[in-house]
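Student: One structure coming up, written as structure tokens, with questions to follow.
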Amino acid sequence: MRPSKRAADEMRAVSFERGISKHAEGSCLVKFGDTHVLCTASLEEKVPGWMRNTGKGWVTAEYGMLPRSTGDRMRREAAAGKQGGRTQEIQRLIGRSLRAVVDMQALGEVQITVDCDVIQADGGTRTAAITGGWVALHECLRWMEARQMVRVEKVLKDHIAAISCGIYEGEPVLDLDYAEDSVAETDSNFVMTGKGGIVEIQGTAEGAPFSEEEFANLMKLARGGIDRLVSLQKMAVA
């Protein structure tokens, strides 16, 4: 039995609140149960130096956790003087995931930075950030379209969403919260497009290795979860 009493293939309640920031071109507060992430998409009419004069744009991401997003206060990374390895890994993952569904030529020579700030953490912050980051990016492109800068459907080729799966007490389960994630035998993150394309899979065994059959079961759970997340994204931006 899962601590939350959810079925093995049941996600936490997921919601998207658009327009949460009056300053950002695109913004979204995404909630996966008790994991809450504020995603903002900011437009800059410039690109990294290595992309100048190419006619192509760029999408990047930054990720951070507020000091009291967790049970005990975390020290701000800025106060420590450097980003931790986990932070760098996650923000690179978010950026890669979003770029997988963006036509950089259609975007034009601008940069969009998607900032993902974890307000409250209860497992799955990176998957929530990717899923909510897509909504914030969509809203930024919609802002640009209203100013005749781009066509959203030309730039954004597909949806992107992410979900965690794991083996908890011997059973494959979908969308782990912290109580499950902290003791799971296997923990995996799946990033997929709306059309079912795989962008990234991260899978780790904690203790004993897992089998191909167990991985296939996790993949099946993930596909079902991604389908539901994409449906929720579609409703959020309609």
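Every residue, even glycine, has its Cβ placed from backbone N, Cα and C.
Below, the features straight out of Swiss-Prot:
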- Arg86, Gly124, Thr125, Arg126: phosphate binding site (BINDING)
Student: Please find which two of Arg86, Gly124, Thr125, Arg126 have the most distant C-alpha atoms, given that the record lists them as binding phosphate, and give only that distance in angstrom, rounded to a whole number.
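Tutor: Across Arg86, Gly124, Thr125, Arg126, the widest Cα separation comes out at 13 Å.
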Student: Could you check the binding-site residues Arg86, Arg126 and say which one's CB has the fewest neighbouring CB atoms inside 10 Å?
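Tutor: Ranked by other Cβ atoms within 10 Å, the binding-site residues Arg86, Arg126 bottom out at Arg86.
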Student: Taking DSSP as the reference, which of helix, strand or coil describes Thr125 (phosphate binding site)?
Tutor: helix
Student: Does Thr125 (phosphate binding site) have same-chain partners at least 6 apart in sequence with Cβ under 8 Å from its own Cβ, and which are they?
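Tutor: The list for Thr125 (phosphate binding site) reads Thr35, Val37, Met65, Ile90, Val118, given in order along the sequence.
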Student: Other than Arg86, Gly124, Thr125, Arg126 themselves, what residues in this chain have Cβ atoms within 8 Å of the centroid of the phosphate site's Cβ atoms?
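Tutor: Everything else in range on the chain: Tyr63, Ile90, Val118, Ala121, Gly123, Thr127, Ala128, Ala129.
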